[in-house]
Every structure is written in structure tokens, then in C-alpha cells.
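The transmembrane segment feature in Swiss-Prot is assigned to 5-25, 54-74, 146-166, 168-188, 222-242, 258-278, 291-311, 316-336, 352-372, 380-400.
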Amino acid sequence: MFRRLLIATVVGILAAFAVAGFRHAMLLLEWLFLNNDSGSLVNAATNLSPWRRLLTPALGGLAAGLLLMGWQKFTQQRPHAPTDYMEALQTDGQFDYAASLVKSLASLLVVTSGSAIGREGAMILLAALAASCFAQRFTPRQEWKLWIACGAAAGMAAAYRAPLAGSLFIAEVLFGTMMLASLGPVIISAVVALLVSNLINHSDALLYSVQLSVTVQARDYALIISTGVLAGLCGPLLLTLMNACHRGFVSLKLAPPWQLALGGLIVGLLSLFTPAVWGNGYSTVQSFLTAPPLLMIIAGIFLCKLCAVLASSGSGAPGGVFTPTLFIGLAIGMLYGRSLGLWFPDGEEITLLLGLTGMATLLAATTHAPIMSTLMICEMTGEYQLLPGLLIACVIASVISRTLHRDSIYRQHTAKHS
């Protein structure tokens, strides 16, 4: 048992450095090509001329597509192992290391160039990859899946500063057959990754800064639960739209470079209306939480960002949709809150409360993981007083979504790439 805890600690450290490496590579490319040192792609897009804002995501997609197509042609005669931690957990726990690194590099290109896709997907992949590499050298084969799970949880903890949610992500979403006793090493890896990540970044701040002064009362619980119902209906719709967009891009029968370039071009066109469509949505979420905009502004940015996310994910841009889903949920919750605010005197607080609820419940509706989704929002924002209400709302959203759409976003992803 102590051997496992020691290995879990090492895996957590490796994962933290893997995440930090991707983050610093991203900052370097942003500085080199976008002359941006703020760490915000929205700021980068704002400072670019319109033609550069239009073409940059397309060029990034083209470069990533050429990289992926070139690697595919180079290795077409080789047997293929999984290049995704979800696939590796469902098979024999082995990775195609070179292909996974190429996929991560392609993700770096599309993320840095502004595509509306999550950078955290590549971070978690690299963390799981580092764990797998260590495990194959120093642990028996029957433990490989456990250490990949630890690496993925640690990567999520380092990326989102949410170790408990990262651990439950593994338990609820990826490793449902995992025995409860195996959660110990997963939690150790996640916590160690967070601590090492804090040391690397010289900060232990929460991922999102929120000033919510509301005391949750009976009326607020009713609003939170109703938001859960709304998210339970919106989750399957979002998954259906993502499926439809993917099929639409595939039906065009374009080569990968042109398919990714088209997705990037759509993002570029949308960014002419608002630069907020660039990136995974982190900075836009933070700005909304700091000062909730008016109803029409939220609606406009929401529609543009939704189309950008659908274009990026549908075109096959390598990356995650976890953080973009958080923004979509926030916008849905805030739109609902702004509508209700017309009848309540404390409309600002309701908008903020339901925005946070929307983040958690849409995440639960798309992942079918209500406990993880609840803890994720609480850990990212520090608003633990919302825990009881969010848990109820997330369970409701998950049940409704599962009834309407059998597969979660991750099962849908696995089926699409199998």
C-alpha cells in the first residue's frame, strides 16, 4: 500500500510538470505569434487587426491538420495503440506515445491560434501520458490502468485546481469499474499535482474569482432546482448539435488540414463580431462572473461562442470541450437569471447565482457525473455554501439528460473515435 502511495506521489509530480509544460508552451507561442503576454486569447484577439483575427484560427487549424495528416501517412503501416487516455483505460492501458505527443502538439497549435476548444484536454492527456510512461517502466502490467487514471486525475487537478473533482471525474466518468479502494492513489496524485502546480505558478488562487454575497434561502433553492431542469433539457440538445456538426464536417469529405482550417475560419468570422469567441472561454467566464452583462450582451456572446465551439469541435480540432461547456452553462444560467431578475429586486445576485448553477448543471447534463460537477464548481470558485443546492440540481439535470440522451459527452467521444 505504501508503495502505491509513493508511486501516486511521483505521478502527481509528473502530471503537474506536464500541465505546466503545455501551459508555458502556449504562453510562448502566444507571445511569439500574437504579441500577447497577458495569457488571455480574448485580449490577443482584441488587439489584432480584423484580417489577422479572421485568418489566425484558420491558419492554426491548417497547420494542425497538416501535422496530423503527415503523421498519419508516415505511420499508416504501423499497428495503432490508443492516443487518448479514455481509450487507454478501456483497453490494455497502453499508449501510442509518439502519436499522442503529435496530437498534443496539434492541440497546442489550434488552441494557441484561437480555436474555441479546451486546452485542458491536451493537458490531461500529457499528464496521463507521463504517468503511463513511468508506470510501464516501474510497475507491473496489471497496474497500468490505475496509474493512467491517477495521471488523468492529477492533470485535471492541476489544470482546474480541483483535486476532489478530478478524482471523482475518474470514478464517475472514466473508470466506472474501478474498485473504491483504488481511489486512494488517485486522490493522492490529484492533491500532489495541485500542490506542485501551485509551487510552479507561485499562486494558490482559485481558478475563478467570484463575489457572491447571497445567503441561499428557500426561494433560491427553487431557482437552483429549476435551473437544473433547464440544463437537463439543454444538455442533450448540445450533444445533439455537436454530433450534427461533426457529421456535417465529415460529409464535406475534406482532407484534415482543410477541415480544421474551415472550422478555424468560422471561428475567425465570428470573432469579427466579438473577440470573446477566441479560446476555451476561461477569460470570458471570469469577466461574466466579475460583472454580469446585460441580457442582450449575454445572448449575443452566447450565440457566437456556441457556434464557435460547434465549429471547432465539429471540425475535429484536437482539444477538450470541458471548459467551453462551462461557459455555455454559465451563459444559459445567466440568461435565465436575467429574465427572472425583472421580477426580483436582487437581480444581480440571482443572475450570478444561476450562472454558477448553470455551469454545474450543464456539466452534469453532458458528463452524467453530478457529484463531480458539483464539486468542480465549488472547488473552482470557493462557493461551498452552494453545495447542497447544486448537488440536488446536478442530480436532476443528469437524470433528465440521461433519459433524453443515453450517452454522455465522453461516451459519445469514445464511440466517435472507436
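In case you wondered, yes, glycine gets a Cβ from its N, Cα and C as well.
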For the transmembrane segment (352-372), sequence-distant contacts whose Cβ falls under 8 Å of one of its Cβ atoms, 6 or more beyond its ends: 165, 168-169, 171-173, 210, 212, 214, 216, 220, 223-224, 227-228, 230-232, 234-236, 238-239, 285, 288-289, 292, 322, 325-326, 328-334, 336-337, 340, 381, 383, 386, 389-391, 393-398, 400-402, 408-410
Stretch in 54-74, 146-166, 222-242, 258-278, 291-311 most in contact with the transmembrane segment (5-25), if contact is a CB pair under 8 A: 146-166
Distant-in-sequence neighbours of the transmembrane segment (316-336), which means Cβ under 8 A and at least six residues beyond its ends: 61, 64, 68, 103-104, 106-107, 110-111, 115-122, 124, 226-227, 230-231, 234, 238, 242, 246, 249, 256, 259-260, 263-264, 280-282, 284-285, 288-289, 292, 295, 298-299, 301-302, 305-306, 309, 351-352, 354-363, 366, 409
Same-chain residues at least 6 beyond the ends of the transmembrane segment (146-166) whose Cβ lies under 8 Å from its Cβ atoms: 7-8, 11-12, 14-16, 18-20, 85, 88-89, 93, 95, 120, 123-132, 134-135, 139, 174-175, 178, 182, 185-194, 196-198, 206-207, 372-373, 375-376, 379-380
